[in-house]
Amino acid sequence: MKTKVLAIDDSRTIRNLLAAALEEAGFEYHCAVDGRDGVDMYGDVAPDVVITDINMPNLDGFGVIEELRGTDINSKVPILVLTTESAPELKARARAAGATGWITKPFDDQSLIFALKRVTGAAA
Amino acid sequence: MSGSIQDTFFEECEDLLEAMDEGLTAIEGGEHDQEVVNAIFRAVHSIKGGAGAFGLDELVGFAHKFETVFDELRSGKLEFDAALIQLLLRSSDHLADLVATARDGGTTDEAHHDVLIEALAKYIPEEEEDLTFEPMGLGGAMAPMPLIEDTTERAYEIRFQPLKDMYGTGNEPFFLFQALSELGELSVRLNESELPGFDAFDADESYLAWDLTLVSNEPRSAIEAVFEFVEGLCELTIESEADEAEDTDALAALNAAFGTDPDASGDAAPAAPFEEPAPAPEAVVSAPVEEKASPPKAETAKAGPKPTLRVDLERVDRLINAVGELIINHSMLAQQIANLDAGDVREVETELEGFKNLARDIQEGVMSIRAQPVKPLFQRMARIVREASSATGKTAKLVTEGEATEVDKTVIERLSDPLTHILRNAVDHGIEKPEDRAAAGKSNAGEIRLTASHRSGSVCIEIRDDGAGVNRPRVKQIAIDKGLIPENAELTDNEIDNLLFLPGFSTAKEISNLSGRGVGMDVVKNAVTGLGGRINISSTPGKGSTFTIILPLTLAVMDGMVVSVADQTMVVPITSIVETMRGSDEMINNLGADGTLLSIRGNFVPICDVADALGLRQHYDQPPGVYLLVETETGQRSALAVDDIYDQRQVVIKSLDGVCGNIPGVAAATILGDGKIAMILDPESILAASPSAAGFDTDRRISNAIAS
């Protein structure tokens, strides 16, 4: 069975890039167009790993992490934060909310897969 | 990178730039809402993110500065003021230019770029400047496996002791070890020495540690990269014979980078939570990852809040063509049924009527796919006015209305140039300088109102400025000087205003660097008539001018009146017909040698015989039976004389471009129900070509003057 990735990003370009890289690498790719959409889809998709943007309308990335990790959903799956900011405080904030790791935009396919491997063990 | 992904990036940029413009316009209008600021921030941020993926460095750099200023604004560290808003507007224009340059090639104004960067930088505090997204220092995600470093094989001794905080983040030691095992030969030993007795066990604590030996020719940065996500969440030491000395420094730097001091939290007593998926101690990690059992899930990609579908325009156009054929097909069927010698066909005709209604529904539905709101077009125009104002030293503001009005995509695309030209003209020639406005008792800032509305089957675009209006004596003098009209021409005010549309007319005393680029309003007129539309100007001295553009809703189908002209079937666009009437002898009045006037309710309008104008008949013996009263854009009425009216129906417009050259009087062609081709007439140009109506038609008179 393929590893299922739920990608949450409001940018169509980033979603396309993720889809291309992940499908190429053999992941099963699902996407949501903003934070609220992502949290809503979580139950249906039941992903093995979540990749989320930070700056999004209708619930930002921190909100996504908090809701997924919150008592209602109580998700244990790895959550990778996708953001152009690699500033330490943003990472610290994401981590405090329960993020597993991060991917810095712009990303190349290799670093994306490498990040996924470190949190899911899966290369695909 | 796939080209198509880059294409969608640029498509998305258009949307984002639009959202940004919209937000900035709201801010300019005094709406400093937090959500507006957030929306702009996100738009710029997304452009930056996408641009970064495609290595568009200049775009990234500028977007970053722009975005940072918005970050300051949304965090409340910076307040809007007039100067800042102007800077943001100019920056958004520049950002759009950078996107266009990245997409289409070419260069942007470097000096302008630098000026803006510098101006934006003034709003960014020094320390925020560092908040860039340069690749992270040690083992950052950007450089997971640098290959240039020392590649001799060596044994790394790694001690990894998670702090309890790590388990809340979803990081699993097992996966980390698996990633490590790909770097070389790894052996893992569980160190449970700190595991307390059962009584002292705290399930929430982390007690376990691992000692790992990795024999690898990868540099230590590759190993650090593996542990990137758990930095600060574990105690980690990496030692090797070769770089022992560097160890402490690197780790210190790591901890400094994350603001975490392992010593500070190091007193947490290590222990293992129950759910810890402990790998078999002493085992070389190579086991395949177990798949998690997951419930069957819904299909991929659930749609967003407002589902949309992006479709190739070509597909829509194919559909439109097919619908056009369907309508033609319907007419043919109707014709053939009518020709049948089959007794009672009423029921068939009822069904046929249903067919017709359905065809029209489909056609309207397909047309609405191509229809787009004029909003993006209008938003771009705000920039034109802005630039024109600053180039001329005037103050002008664009106010838009009816932005939701939907118009065919092609019409919108081809309206951009004429609108740009009219707006530049309005600022350049219409709006007065601030001091002149003050002297005239007007507010300093000129206002240009751009309005779109639907008007009985057409779209009306109006550009109204509150400037000085057309300087009629000067316009007339210029036209005389240029030989466009005879010196003794008697023209109404409206006719003088419309002189502006004549080829070769330019009122600018000297060619200004803005609108006077040798392109006159005649180009605007040609563009509009090319779309099957009309343009008119009206003006009140001292109060301003109004340009009115009337356009058909669609370029594919129109309502036409099918008429007979010299035994040929032709179509006249319904939109240009004001009234139809059957003529009688007493209504005809001769004027001069070959001029005739039609008397309608006490008014006289010139008659133009269509057959004559098209050269189908030299002169007629009997007056044609039917007159179509048409109104030209100048408000001049004429009567088009045709032999008979057959029908009023929807016809599919078939362009003659590329089939034959421009035929005066003919706009396009269509296919009728009997399969025959009929010409669609252009009343305006028929009148211009008609000698009989010439004596009364200014346009005609003017074009004669040019021709001679």
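Using the three backbone atoms N, Cα and C, a Cβ is placed for every residue, glycine included.
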Feature region 'Disordered' in TrEMBL, mapped to one of the ranges B:258-306, B:405-453, B:503-551: B:258-306
Count of other CB atoms lying within 10 Å of the CB belonging to B:His45 (phosphohistidine): 27
Counts of helix, strand and coil residues, the domain 'CheW-like' (B:557-692), according to DSSP: 19 helix, 71 strand, 46 coil
Overall pLDDT for the domain 'Histidine kinase' (B:314-555), taken as the rounded mean: 82
